[in-house]
Amino acid sequence: MKEKRDFVQMEVMIGNMSMSEGDNQDFQFEHIKKEKVLKNTGGIIFVSLLMIVGFGGNSIAIFVYLQKYKQSSYRTFIVTLSIVDLATCCAAMIFILLTLIYPINFFNDWTCKLCNFLTHSMCIGSSLILVTIAVERYRKICVPFGIQLSAGMSKYICILDIVLGIALSWPAAILYGDKSVKIGVNQTAGKECDLSDDFANTNYPVYFTISLLFLVFATIIFLSITYAFIGKQIFRMKKKISRKPPNHISQDDLVTVEFFPSECSPKKEESKEEKVQNIYDDRSNISIISFKANGQEKQSTDSKGKTHVFCEGGPNQKENETRKTGNRNYALVNQEK
């Protein structure tokens, strides 16, 4: 009986020791988790501020462009970009917050895969839309008489950009997942949302990272070159518009261009008809209207539907040139004395 009693007491002591070790491991796990969350406090606050600013800014952009701007390719691109960025604020940044709040005990493998896939696809899709906007601006400003994107065509291009973003992001859904980590003195097992243990000893994550870096640098270089050409063209246009009128043209000769009478007779017969050019950019508020004709009236309709009628070569007109000042179109008329 005494031996049996000693055996029972020994079992109880071993059980208590096991429970104490388990409780100690749990306590240590929670303590390390709290320490890591405390270290991530700055990141949590910063990401939260980005979420608030991004949500408000993109929501305002969507409302303003849908309500205040007429339908155009530019509006389609900006609204689509704002929607993608808004989705990034609502989904991707929440995922980042979760990884900061649960640094060593993330939910599960599939949640990690889905969040990483959505984050990569939205970021790549947003970058492709930025590239498309740069191309559209380049053609509007540097190639104004070439083929331009219509509002309907721009919708399909936006869809294509998003689909390409999804297609280029599929490796993230495979490579990312639960990553085992050892924490504390007792090397307690924890889980991070990072590159999965299944691909930890392979080169696939390296290939994927190199591909993403290539896309980033290619996008930066392309945007830099494109906007350099755009800036150069705008500078040339601004310099041409801002040239002062000749000294022999007085301020009294500055009249509003609405209509030049068709009774004016041609100065001479030209060998061929010359172009009526109308370049209008809603976003930069720049309007350049130049004209020459075979002594005939020429009409130009601006983006607001107003028709301007021009005639060159009248008996009292020697040269005709239009400029834009503020929101009014003017003509410089040098009248013969």
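Placed from the backbone N, Cα and C atoms, the Cβ positions cover glycine too.
All TrEMBL annotations are machine predictions without curation.
Here is what TrEMBL records for this protein:
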- 57-276: domain 'G-protein coupled receptors family 1 profile' (DOMAIN)
- 294-337: region 'Disordered' (REGION)
- 44-66: transmembrane segment (TRANSMEM)
- 78-105: transmembrane segment (TRANSMEM)
- 117-135: transmembrane segment (TRANSMEM)
- 156-176: transmembrane segment (TRANSMEM)
- 206-230: transmembrane segment (TRANSMEM)
Below 8 angstroms Cβ to Cβ, which residues of this chain, lying six or more residues outside the transmembrane segment (44-66), approach it?
75, 78-79, 82-83, 85-86, 88-90, 93-94, 96-97, 100-101
Segment confidence, the domain 'G-protein coupled receptors family 1 profile' (57-276), expressed as mean pLDDT:
81
